[in-house]
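Engineer: A single structure is presented below for examination.
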Amino acid sequence: MEQREQPAVQVPSLDGVTRERFLRDVYPRREPVVLKGMELGPCTTKWTVDYLSQAAGSKEVKIHVSAVPQMDFLSKNFVYRTLPFDVFVRRAAEVKHKDYFLSEDEKYYLRSVGEDVRKDIADIRKQFPVLAEDVQIPEYFEKEQFFSSVFRISSAGLQLWTHYDVMDNFLIQVTGRKRVVLYSPRDVPYLYLSGTKSEVLDVDNPDFEKYPLFAKAKRYQCYLEAGDVLFIPAMWFHNVISEEFGVALNVFWKHLPAECYDKSDTYGNKDPTAASRAIQILDRALKTLEELPEEYRDFYARRMVLRIQEKAYRNDNG
């Protein structure tokens, strides 16, 4: 298996960014930035394992459990289990477990959801109201743009696969340390997508024989310490490793007008409705091309690609 180390571009960090400066200088650039020195409330010092266990109590939560650190959405190398929150958070903070589902060194991951996952969004104020009182969310967007606030807890070493979201978001690292690797939306041709996720699971040691184009993807990287906030614009791919047991909060908001999004989307990962319709139309067009012999199909497919490039690609060199 051919492997090559990819150089990384460090995501820039800014200290003490106000709402006004963010909206004027940062947000229009549509690039990731680490925001330091943000006022987040007492959560960064208060959220110990003992406090979390006591504050959220025995509320049952559905969690991911994996016998290996690198979670794989292709082979589904994890299972879903339900635990009382206080039991879960203590297990997630452990390295070796006396009680376990798969193995004594299994990893745990919580991604909070709404009461009815088909209809309700994740909102820390509703699912974990006591904890929500400890958090001051940077409201660098209008209230009507707010979509969800997702509470996350990860075991040390857990790695989530590379994916994109269709909403802008702040990844607020409350406790612990994370490494985040990101890829620009413009590198989508090199990421071997399956839906919203990249099939290149190991971004540190990719199999270039299987995924040769991945070598062309420009890697951006940052490390988040407790109290850091990472701005991830919509459609930027991100891969996250929890280097320590940690607690985080994702705050998603709508960059586009509300009517552009799928109203049935409770996770923030369904493509905008116009994009979904366009992809369906393209699929029908490709089906129509199958009526032609291969030589003609190839010719007209290339013309279609040129038409898309001329009409839909941005014409700058960014």
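Including glycine, each Cβ sits where the backbone N, Cα and C put it.
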Engineer: Record says His163, Asp165 bind Fe cation. Source is Swiss-Prot. Which of His238, His255 does it list for that same site?
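Structural biologist: Swiss-Prot names His238 for this Fe cation site.
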Engineer: Select the closest residue to Lys178 (2-oxoglutarate binding site) from the following binding-site residues, measuring between CA atoms: His163, Asp165, His238.
Structural biologist: His238
Engineer: Summarise the model confidence on the domain 'JmjC' (126-270) as a single mean pLDDT, whole number.
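Structural biologist: Reported value for the domain 'JmjC' (126-270) is a mean pLDDT of 96.
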Engineer: Compute the C-alpha separation of Asp165 (Fe cation binding site) from Tyr109 (2-oxoglutarate binding site), stating it in Å without decimals.
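Structural biologist: Asp165 (Fe cation binding site) to Tyr109 (2-oxoglutarate binding site), Cα-Cα distance: 19 Å.
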Engineer: What number of additional C-beta atoms lies within 10 angstroms of the C-beta atom of Asn169 (2-oxoglutarate binding site)?
Structural biologist: 23
